[in-house]
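One structure is given here, and the rest of the page talks about it.
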């Protein structure tokens, strides 16, 4: 499955429907055969039956954005497409070919059609509601919603008014600038400003008249200035063939018969931008496009050969679409990147530009499948041949083959088969294989070197700070999803922090360790903390000097015999028992060592058999026997 893609100005334009994408299938073909056909089973069909037997004339979308209405031949009929179902809703045949139509309701149920036989057909949900005729052949029509007037432009200097509320024709508007002496003179196009309802009529004489619908009077007339350059292939008469107001109420685009597009501000009589299509063909369609991706205001201008999209303020080209058939009408779906066209040829076309706007909601899958379905360039016949000049052919020693079927002359050289070229090159230059081998080895070595992990150039000053900042940046980028962006290490404002020694951070200072305790080492005790620790360790412990003073006081009150007995007892205890603990003073504080005394396990105390704590054997005396055999225990 593949899509045709164009890449003008590095902007991808996908053809999602039309010539080469949607294939017409005969009615008699079997569905079983379709399953075996890879191309047909993997084709894309954005809208079912999006085609006409011969050609399509006009196409428009409804205001609710759910339907599209198109007219075409042959036989003349109307088609309505349902976007939600992506298929044809219905088709309705008419008596004459359509010139222009207008959708009156928000959906497709009410519409008015101007036909080539001067008839005006009103269509409702059930069919043709009413049909009437105008005196001259019509060229365009517009519906004015506030007063229910239908304006019909035709040949001559009159614009007919048909009031749909009263159901009758009103006095027509007299357009003085229209050329009534010319057989083709008249009013070509009509447009109504969506903001203040100002009427604009483009004439065949190359002028635009502005009318106020409230009092039906002309406000002003705009003549095409002579300073606007014309193409050398255009005639002297330049007529207005397209008109389009912008939604802001101030800007209007005017398309001329020689392929020029002029942008005007209603407050000025001179254009602030002009653009030429380049084909000297009349402009058939103009549209204002606002991009939701970059917010740029653009203009779409189309003639029968090409569709151009360019910026409103600068005229810079954005993209262009050049279909294989002639265009009749263009309908971009508002707020999206999808463009529908009515054209000569059976299939109507649909183009999708992802960089302009996203896909419509009813075909949002286009955003995902366009790149996957993009067609791969097919190899051409020249891929198997090598182009060489006559001098290169002499160096290879193949000049004697000129004129044979092996070498084919082309422009200033020759086409030669690739295999023959390689063999001749090896014979003419035996060392070419060794050069080729060295080249391959060099490329592989460079590829391996590129794949190795290279050490990053760490700054000489504050290397630790730089590594921590880069780690935090990478962590933040993974969290936010932003892969590219300016790094703080490359910021000119903080450049001196990583290059100048004056900004170096000393991580060994006490202040830095207090601010970063997780990276600082364990510090020593202060003098106050050491004194408090000594008090805690020495609390409750009697030193040898205290014991001696107490013993001296006791010795004064004891008799000699009692003192001798007590000394003997202390000596025996000191000989039998080693000291349990030793306390000594060190520069870092008090230190105490002790030994845990091992105690012998005490033997269990023998208990009397009659005690209630336990019995060695069961006592059966005085108890009732469970068996009737009284001699069992005898």
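Numbering starts at 1 and runs along the chain as it is shown here.
Just so it is clear, glycine is given a Cβ too, placed from its N, Cα and C backbone atoms.
Keep in mind that what you see is a predicted model, and the values were worked out from it rather than measured.
Annotated repeat 'WD 1' per Swiss-Prot: 51-91, in sequence order. Same-chain residues lying 6 or more positions outside the repeat 'WD 1' (51-91) and placing a CB less than 8 Å from one of its CB atoms are 22, 24, 97-101, 103, 105-108, 111, 113, 123, 328-329, 331, 333-334, 340-348, 360, 362-363.
Here the repeat 'WD 2' (182-221) has, by DSSP, the following mix of helix, strand and coil residues: 0 helix, 23 strand, 17 coil. If you look up Swiss-Prot, you'll see 182-221 marked as repeat 'WD 2'.
Sequence-distant contacts of the repeat 'WD 3' (235-274) (same chain, at least 6 residues past either end, Cβ-Cβ under 8 Å): 188-196, 198, 200, 202-208, 210, 222, 224-225, 227-229, 280-288, 299, 301, 303, 312-313, 315. Per Swiss-Prot, the feature repeat 'WD 3' maps to 235-274.
Annotation source Swiss-Prot lists repeat 'WD 4' at 278-320. Listed as Cβ neighbours of the repeat 'WD 4' (278-320) (distance under 8 Å, sequence separation of 6 or more from its ends, same chain) are residues 8-9, 11, 13, 231, 233-234, 239, 241-244, 246-247, 251, 253-261, 263, 326-330, 332, 335, 339, 341, 351, 353, 355-358.
Marked as region 'Disordered' by Swiss-Prot: 513-634.
Annotation comment: Swiss-Prot describes 513-522 as compositional bias 'Basic and acidic residues'.
The phosphoserine annotation in Swiss-Prot covers 531.
Taken from Swiss-Prot, the feature compositional bias 'Acidic residues' applies to 546-559.
Sequence annotations record features per position, and here Swiss-Prot assigns compositional bias 'Polar residues' to 571-588 (among others).
As annotated by Swiss-Prot, compositional bias 'Polar residues' applies to 619-634 (among others).
Here the repeat 'WD 3' (235-274) has a mean pLDDT of 90 out of 100. Mapped onto DSSP classes, the repeat 'WD 3' (235-274) shows 0 helix, 20 strand, 20 coil.
Here the repeat 'WD 4' (278-320) is broken down by DSSP into helix, strand and coil counts: 0 helix, 21 strand, 22 coil.
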